[in-house]
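One structure is given here, and the rest of the page talks about it.
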Amino acid sequence: MTDRSSLTLVLAAGEGTRMRSSRPKVLHEVAGRSLLANVLLAAPAGKQDRLAVVVGPDHQAVADEARKLRPEAQMFVQSERKGTAHAVLAAREAIAGGADDLLVVFGDTPLVTAETFARLQAALTGDVAIVVLGFRAKDPAGYGRLLVQGNELIAIREQADASEAERKVDLCNAGMMAFAGKSALTILERIGNANSKGEYYLTDAIGIAREMGLRAAVIETDEDEVRGINTKAQLAEAETVMQARLRRQAMEAGVTLVAPETVFLSADTTFGRDVVIEPFVVIGPGVSIDDGAVIHSFSHVTQSSIGKKVSIGPYARIRPGTSLGEGVRIGNFVETKAAVLESGVKVNHLSYVGDAHVGTNANIGAGTIMCNYDGFDKHRTEVGAGAFVGSNSSLVAPVKIGAGSYIGSGSVITREVPEDALVVERNEQVTRPGWAKRYRERKAEMKKPKT
């Protein structure tokens, strides 16, 4: 933590053409969150911290995503793409507004952590005007090299301009930078475009700061944290890294992952104590899982609240709007959606529970379907506490099943069932003794060869 004020500037104006997608690059997702969201939620968010996002002229969706997550964020448009420094100066108004520290980060680096933002700020001490985030690359080819003398960064050399000796340097530029607020705008406004592309490069700030008698420094982080996303392949690589991070955090918090590499979590998944997740489970966004819950193999859960000691699966699908109370049992091939199941409810086999409220200790038999859609609108089903719904029943919504009532197997329920009543809605069984034997004999006679 620091008592200095900050302005975090997120550069999110890139086209992302190599993604081969109509969606803006920073809105692609890692662990159930957009690339941009992962960056914004890692950025400083204290009372003294401000946030600005630079977007492209046709990227209203990017601005909307940023405001959804950080409503206080200022938006700036980079009308022409003329380099990284040009993008930063698109937010000149925000920079001029003043802050002790200016933090610049790309919106396509979803693995960056809050700790790294804090370390960048902490390194802005004394006459250090710029701090650059670096990493040791396994293969530095293509990266800008950070050239250091002692504790001072003297230059960022791009691959094409590097000497043979400089190309052997494995300390590379991650793209994330911090500026001392008092000198930031002066340095940025001195960056020119005298290069082959006619663009304004943020990396030129190092030389300008040194010409002003100021120092630049480097802090290092792991290569995985600063992965930039430009292709779908890189998106998949970032997902792999993020999932490994989330699994490790979950296990360190006491969650049992039987086969961690087969479980997929979301960045916002929350766990209680003694949760067990079996192999091949997918947890989508917006899920909380309380103490002692067990999610069995091949289950999918998203935007739902899972209560204490709940058992789910195997092969269950828990869809958005589901709330499962303590001790609820959801068995194999059960699907729930927009449903509240109070404590002790059992839905053990082959059922659909949608747009419903199921009271405490009710039992929903195998093959029960809540028929919630009439082709135009969704309707709700209410099942009272302690009700027993027999196997292969259809509850045609809107309908209310009274507390303590019994529904006979195979029934189609279209009207309200009173409390403690028995309802059986099916044709009376007809038994014809000897019919099957006579039928087989007749069929066998018909199949005999004709002479």
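Backbone N, Cα and C atoms are what each Cβ position is placed from, and that goes for glycine too.
What Swiss-Prot records for 1-232 is region 'Pyrophosphorylase', and it gives sequence analysis as the kind of evidence. Sequence annotations record features per position, and here Swiss-Prot assigns UDP-N-acetyl-alpha-D-glucosamine binding site to 11-14, K25, Q78, 83-84, G144, E158, N173, N230, R319, K337, Y352, N363. Residues or ranges marked as Mg(2+) binding site by Swiss-Prot on the basis of sequence analysis: D108, N230. As annotated by Swiss-Prot, region 'Linker' applies to 233-253, with the evidence given as sequence analysis. Taken from Swiss-Prot, the feature region 'N-acetyltransferase' covers 254-451, and the record attributes it to sequence analysis. Annotation source Swiss-Prot lists active site, proton acceptor at H349, citing sequence analysis. Taken from Swiss-Prot, the feature acetyl-CoA binding site applies to A366, N372, Y373, S391, S409, R426.
Feature map: Swiss-Prot annotations on the structure.
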{"residue": "L11", "record": "UDP-N-acetyl-alpha-D-glucosamine binding site", "CB count, 10 Å": "25"}
{"residue": "K25", "record": "UDP-N-acetyl-alpha-D-glucosamine binding site", "CB count, 10 Å": "25"}
{"residue": "D108", "record": "Mg(2+) binding site", "CB count, 10 Å": "27"}
{"residue": "N173", "record": "UDP-N-acetyl-alpha-D-glucosamine binding site", "CB count, 10 Å": "24"}
{"residue": "N230", "record": "Mg(2+) binding site", "CB count, 10 Å": "15"}
{"residue": "R319", "record": "UDP-N-acetyl-alpha-D-glucosamine binding site", "CB count, 10 Å": "18"}
{"residue": "H349", "record": "active site, proton acceptor", "CB count, 10 Å": "16"}
{"residue": "Y373", "record": "acetyl-CoA binding site", "CB count, 10 Å": "12"}
{"residue": "S391", "record": "acetyl-CoA binding site", "CB count, 10 Å": "17"}
{"residue": "S409", "record": "acetyl-CoA binding site", "CB count, 10 Å": "15"}
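Our reading of the acetyl-CoA binding annotation (A366, N372, Y373, S391, S409, R426) yields a largest Cα to Cα distance of 22 angstrom. When the recorded positions D108, H349, Y352 are ranked by how far their Cα is from the Cα of A366 (acetyl-CoA binding site), H349 comes first. Averaged across the region 'N-acetyltransferase' (254-451), the predicted model reaches a pLDDT of 97. Ranking the binding-site residues N230, S391, R426 by the distance of their Cα atoms from the Cα of K25 (UDP-N-acetyl-alpha-D-glucosamine binding site) places N230 first. Residues 19, 28, 30-31, 110-111, 224, 227, 260-261, 263-267, 269, 271 of the same chain lie 6+ residues outside the region 'Linker' (233-253) yet bring a C-beta within less than 8 angstroms of a C-beta in it.
Among the recorded positions G83, D108, N173, N230, H349, the residue whose Cα lies closest in space to that of S391 (acetyl-CoA binding site) is H349.
S409 (acetyl-CoA binding site) sits 71 Å from G144 (UDP-N-acetyl-alpha-D-glucosamine binding site), taking the CA atoms of both as reference points. In sequence order, I156, R157, E158, Q159, C172, N173, T203 make up the list of same-chain residues 6 or more apart from G144 (UDP-N-acetyl-alpha-D-glucosamine binding site) whose Cβ falls under 8 Å from its Cβ. Here the Cα atom of R319 (UDP-N-acetyl-alpha-D-glucosamine binding site) is found 16 Å from that of Y373 (acetyl-CoA binding site). R426 (acetyl-CoA binding site) has a Cβ environment of 13 other Cβ atoms inside 10 Å. In sequence order, N193, K197, E199, Y200, Y201, L202 make up the list of same-chain residues 6 or more apart from G83 (UDP-N-acetyl-alpha-D-glucosamine binding site) whose Cβ falls under 8 Å from its Cβ. Proximity note: of the listed recorded positions (L11, H349, Y352, Y373, R426), L11 have a CA within 10 Å of the CA of D108 (Mg(2+) binding site), given in sequence order. If you draw a 10 Å sphere around the CB of A366 (acetyl-CoA binding site), it holds 18 other CB atoms from the protein chains shown.
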